[in-house]
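This report refers to the structure that appears directly beneath it.
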Amino acid sequence: MEVADPSRAPPEYKDVAWIADTCKLLMGIGWTTNYVGMIYKSLKDETYAMALMALCCNFAWELTYALIYPFGSDLEMYVHFSGLMLNCGVMYTAVKNAHREWGHSPLVLRNLPLIFIICVSGFMSGHVALAAQVGPSLAQAWSAYGCQLLLSVGGLCQLLCRGHSRGASYFLWFSRFFGSLVLVPQDILRYKYWRVDHEYMGSPLYIWFVCIFLLLDGSYGICLWYVRRFERQTAVAHKKKK
């Protein structure tokens, strides 16, 4: 869903619209690849790849803008419902394997189904409330930024708290990072050539969001390298003891 009607775009933006559209296509490829990769990795490692809160928030966003505020064009609806179907697969692997990661917390372990239901419902109510407040076109963009930050924070915290790399890989990290990063050039083009409807993209809050996203997701790759190295060192030490 576009924040502004493309038919209202000024001529100078239409000249570079193909670049923005290419960025959007690459975003779709990156995230589709990431969803498929997460499903495969989760089934293979018998765990879940995306942090639970981030997953519930993202899944609630998909539900909100597929069922309550569906995308306008046929192409947008197809792309969005395809993403929703893949996200259902990601959610399935999380529901199936979450108990394997919460043995240290009996309270969470015993209430995982309830936690999933409450979190998805709660986040969905927030997305709907924001859409009612500022309008669905603007809300879907703003709430997507919130989903991205929660995903970045949750993924990094999950990696550090687990202390292992099951459910994680450089491929998953890069496809997610690339899929979100490629939208930054699109936003720059919109702010430069179509500023009247995209003024917020030059705001301090948006600039802060981009910087925090780069910091968190960039740190994830570094932390994953350290975790992998620790796992290798531990495996070598264990073999020497034998």
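Just so it is clear, glycine is given a Cβ too, placed from its N, Cα and C backbone atoms.
Features of the protein shown, as given by Swiss-Prot:
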- 15-37: transmembrane segment (TRANSMEM)
- 51-71: transmembrane segment (TRANSMEM)
- 75-95: transmembrane segment (TRANSMEM)
- 112-132: transmembrane segment (TRANSMEM)
- 141-161: transmembrane segment (TRANSMEM)
- 169-189: transmembrane segment (TRANSMEM)
- 205-225: transmembrane segment (TRANSMEM)
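Stretch with the largest number of CB pairs closer than 8 A to the transmembrane segment (169-189), among 15-37, 141-161, 205-225: 15-37. For the transmembrane segment (51-71), the list of distant contacts is 1, 77, 79-81, 83-84, 87-88, 90-91, 94, 98, 115-116, 119-124, 126-128, 131, 136, 140, 143-144, 146-147, 150-151, 153-155, 157-158: same-chain residues at least six beyond its ends, Cβ to Cβ under 8 Å.
Away from its own ends, the transmembrane segment (15-37) comes close to residues 6, 9, 49, 79, 82-83, 86-87, 89-90, 169, 171-172, 175-176, 178-180, 182-183, 185-186, 189-190, 193 of its chain (Cβ-Cβ under 8 Å, at least six residues beyond either end).
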